[in-house]
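Okay, so here's the structure we're looking at.
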Amino acid sequence: MKPKSVSEIREIFLNYFKDKSHNVVPSSSLLPAGDPTLLFTTAGMVQFKPLFTGAVELPYTRATSCQKCLRTTDLEVVGKTERHCTFFEMLGNFSFGNYFKEEAIEYALDCSVNHFGFDKNKIWVTVYTDDDEAEKIWLSKGIPKERITRLGKKDNFWGPAGDSGACGPCSELYLDRGIEKGGPNCATSGTCKPGCDCDRFLEFWNIVFNQFNQDTEGNLHPLKQTGIDTGSGLERVALLLQEVDSVYDTNELRKIISFYEELSGISYEDKTLSEISEKKNNNQQISSQVRNETKSIQDSRKTAFRVVTDHIRSVLFSIGDGIYPDRTGRGYVIRRLIRRATLFGRKLNFKEPFLYKLVDKVIEIYKARYPELQRNAAAITKTILVEEELFLKTLELGLEKIESLVQKTKAGGKTIFSGADAFLLYGTYGFPAEMTEEIVAEQGLDFDKKGFQEELEKDRQFSRESWKVNKVSLMTGLNVDKTEFLGYSSVSGKGNITHLFYNSPKSSNSLSQVDSKLQSSTPAGTGSYDSKQVSSLKEGQAGAIVLNKTPFYPEGGGQVGDIGFLRQGKNVFKVFDTQKENDSIIHFGEVLSGEFIVSQELEAEVEITRRERLKFHHSGTHLLNGALRTLLGDHVLQKGSIVSPEYLRFDFSHPSSLTSEEIRQIESWVNESIRKNFPVETKELSIEDAKKTGAVATFGEKYGERVRVVQMGDASIEFCGGTHVSRTGEIGYFFIKKESSPGAGNRRIEGVCGPAVIETFQNRFSELTESVQNLNLKIKSELGEEGTKILILSFIPGPDEIREKLEKEGASAVSFFRDLSENIATKIEENTSSFLKIKKNLAERDFENNTSVIENVLASSVDTGIGKIVSAIFEDKDPNSLKGLSDNLKVREKNLLVILGSRNSENASIVITCSSELTLKGIHCGNLIKTACELLGGKGGGRPDMAQGGGKEKQNLESAIAGVINEAKQILTGERV
């Protein structure tokens, strides 16, 4: 069999099905669009789920793709087996109501034998237990009955991907790799065939006959149209065609391993055994024990090479698709992969960050097929480096933790390291189970694999549940027709009441979701409530009204719900919030006057000013998203947003904080788009047509068959159901108030648009004015003439000047006011520092020259007959102040030894000086200071006539000074004190 490269195999497959009239569809992101039930894209069919179920109009009936996939279900064995990877490419061909079993089997066999070059006589197949039809087709294609195996649901019923979707029985192709690949009993038992746990038969092609749609409850329903979903692992096919032992020996993965060999200086094909041989006497045999130990080292290093090779691909492709390391969800999986690779890297002598160093080389292998990697290379490299550095800071803590857990286990007289402790290390410190097992084995402990697996399964279940759509109904049993939304073109309109709900004081029933909503959105009353459907609502009652038509926008897409009034004559209902449940728009509020009954026609009036501000901020959010993707790169993905009347908040994926210059560029880009006054155009399109426009979708959102697309010239095009301005010029201006981080791998921008920009600058300059006035007042009152030079005399605009300049100059005034406010704020900070410094200098000068202080210190003098010794302790005085006071004391008194100390909140300092006469009598201040500093737990030194020092043991300051006095007395008098 002629070996073929991975890229050649990929092209052979895609071209084969292209020639069979299949649409070649690019790989979708690893972040599953519109399917929150999946952490990652795990199969080629994920992007086609709506086509299989008939949820959308078919753009084609045949497709083929090579899909990026990520699965971590077998993470613990990755690197140890020949075929397991977390990241892999899945070749696939798909039929949506077009061909079925006959053609799918024909294509699989033809491509495998006549295009890949597999020996037909070595191909075995499996079919589902009762799938006689599939077996009959295989027989007709020349596969003998003895090479056809029937397997049950566990092996031959596939799907769905996620909690719901298309699924059905499947048929798999295996290649017989020879009896030598079998297990110890395979050669003699005669039962070895597909389904055996050995490595003899390797599955390389799976044909799923999609006949059912599984709902979220696990029930199967016949599909309106049958389909074909094929999966063929590219790495596995390469393993077989290149006739190597594992997927890690295929050309692309082996190349990545070679990068790590070069970086580590260790060979993947470990030479440890031969090295030991050379060290031995030529005639001396290597013992069995040495061989076993050496083999263990070889296997350990080989596993480490495979783990880092697999994980760098997974991490690199994930970050390239906007999945950043995080504390929860899919981001946590990526973080765990980085940490696992870092740990295994220690077996290859990597003690410092190393994964990031090879990002560019790995991208070089894949960039032709996946250009997004090259575009996001800088972000990928930086993110991985940051994560490695972060983990290395906690790694030593983890190793200390495992040591303490081992000691705790032994102290309790146990010989088994518990699964719960192992999972603690796994989840908190990122320690893989196998590494924990190795470490505890070195300490003579067994490892509780079962207990660990139980804890792991609990965690997996929690992870799965946390990603399911867990939507609690606002109105239990609410089943009404769709509310027609009028709000795109109007802020008022008429609608008839279809449902009324009243929240009465809570009975013994549990509090429903609507009660929580009503309590949070109405000011009336306190305590708990129960909600019930009623035929009328009366004055003073809080509740909810559902209309058949309304201009009120329900909270969604980050935009908060509208408020306003529902009226009919003297009947008035104040709306505090608007929400959506299924297709019904619900108005929450309180009856201010009159009575409301079902079927009544109401006049609905949205609060106009608030809606306008929402439009400014929602359109501004789209422009901000466009700016970020244009200036920072396509790796930027929306992670969350809030659109309120007061401000906008936008969370996005990005590995590092933004520089001041980047913030200015983003702000200028948005303001330039506002100035260009682009028309804001909206279209309702099929999901497929919408994707063709290049519109940006919010990953994780689930879209219906038809979506609304909002375009703003060439600045932005997004899927969006919110309310917007007609032209970007209406926004007026945009200003970034704050940039921060909501979590690892993500950044957050808070900004304002339109009138909110005016108000923001008015408030900001008002605060600056107050700060300047307060500082100037302090400077004048506390420094007098000394402070004249640091008075702030900057021009600060008033509210009217700010409004006039912004309204006259528009977006260009934003930069002016940003720079001015930052300059004034900097000036305040600098001059406050100068004020405190001058104030301190004046205080020190006053202290040094204070007659009362000098007199008090001199009054405490000790006369030795040869000279006097004075000492004192102060609070919060620096050494310079103490030196200044010492000099003034020596002016007042001859033959004087001065010992002064000071304490602050952290440490103590001490200064020793003496008159020149005393140095002739044997006093050496530099020696005396060492006596003091020993007690203070610090250091010091100096000349015979002056020395200084200090230490952290401030409580010993009195003892330190007393020790110096005693030593000085002994020197001067010759008497031991």
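Cβ atoms are placed via backbone N, Cα and C, with glycine included.
Predicted, not measured: the structure shown is a model, and the values here were computed from it.
The feature region 'Disordered', as given by Swiss-Prot for the ranges 176-199, 512-535, sits at 512-535.
Annotation for His618 (Zn(2+) binding site): spatial neighbours Gly557, Gly558, Gln559, Val643, Leu648, Cys720, Gly722, Thr723, His724, criterion Cβ-Cβ under 8 Å with sequence separation of six or more. Listed in sequence order, Val710, Met712, Ser716, Glu718, Cys720, His724 are the same-chain residues six or more apart from His622 (Zn(2+) binding site) with CB atoms under 8 A from its CB. Using a 10 Å Cβ-Cβ cutoff, His724 (Zn(2+) binding site) registers 24 neighbours. Apart from His618, His622, Cys720, His724, the residues listed for Zn(2+), the same chain places the Cβ atoms of Gly557, Ser619, Thr621, Val680, Val710, Glu718, Gly722, Thr723 within 8 Å of the centroid of those Cβ atoms. The number of other CB atoms found within 10 A of the CB of Cys720 (Zn(2+) binding site), across every protein chain shown, is 26.
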